[in-house]
Amino acid sequence: MLLTWLHHPILNSRIKLLSVRYLSLTAYMLLAICPIAVRLLELEDYDKRCRCNNQILLNTLPVGTELLKPIAASESCNRQEVLAILKDKGTKCLNPNAQAVRRHINRLFFRLVLDEEQRIYDVVSTNIEFGAWPVPTAYKAFLWKYAKKLNYHYFRLRW
């Protein structure tokens, strides 16, 4: 059997890959399988990329927020992100520079606590560390100033 491809005679009948029918079948299989393989590889790499690329960043916490998840900047995503996990298992992207978001995350680092024995307010560190979030020294200074003001009013009224 003499196969021809591009007007060149091929004498070996066992080489069927060069026939037009098998080439078109091979091309079809590659075109069908390659996008599926690329899609699977993209899904594996999903956690390493930015999650809030094409979403609107909210400046306040949405209603039904269960927890906040700060995400550090990394090699594949060069910006800091904050995800709000909702009670209905949905997620929303928050603006990490918004005042309301920063206030809620800063509350995780330091607390203003009333010492019952001495009856004074004190700022306590919770010793939580996020790689995505620097320890807010300005918020700690604000809490110390507020505690000092509360202690002053308490002791002034007591005497």
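Using the three backbone atoms N, Cα and C, a Cβ is placed for every residue, glycine included.
Noted in Swiss-Prot for the protein shown:
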DISULFID  Cys50-Cys77  disulfide bond
DISULFID  Cys52-Cys93  disulfide bond
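The structure, with features from Swiss-Prot marked on it.
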| residue | record | DSSP class |
| --- | --- | --- |
| Cys50 | disulfide bond | coil |
| Cys77 | disulfide bond | coil |
| Cys93 | disulfide bond | strand |
In the chain carrying Cys52 (disulfide bond), residues 6 or more apart in sequence that have Cβ under 8 angstroms from it: Glu81, Leu83, Cys93
Proximal but sequence-remote residues of the same chain as Cys50 (disulfide bond) (Cβ under 8 Å, at least 6 apart): Ser76, Cys77, Arg79, Glu81
All-chain count of other Cβ atoms within 10 Å of Cys77 (disulfide bond): 16
Around the Cβ of Cys93 (disulfide bond), the count of other Cβ atoms that are within 10 Å: 18
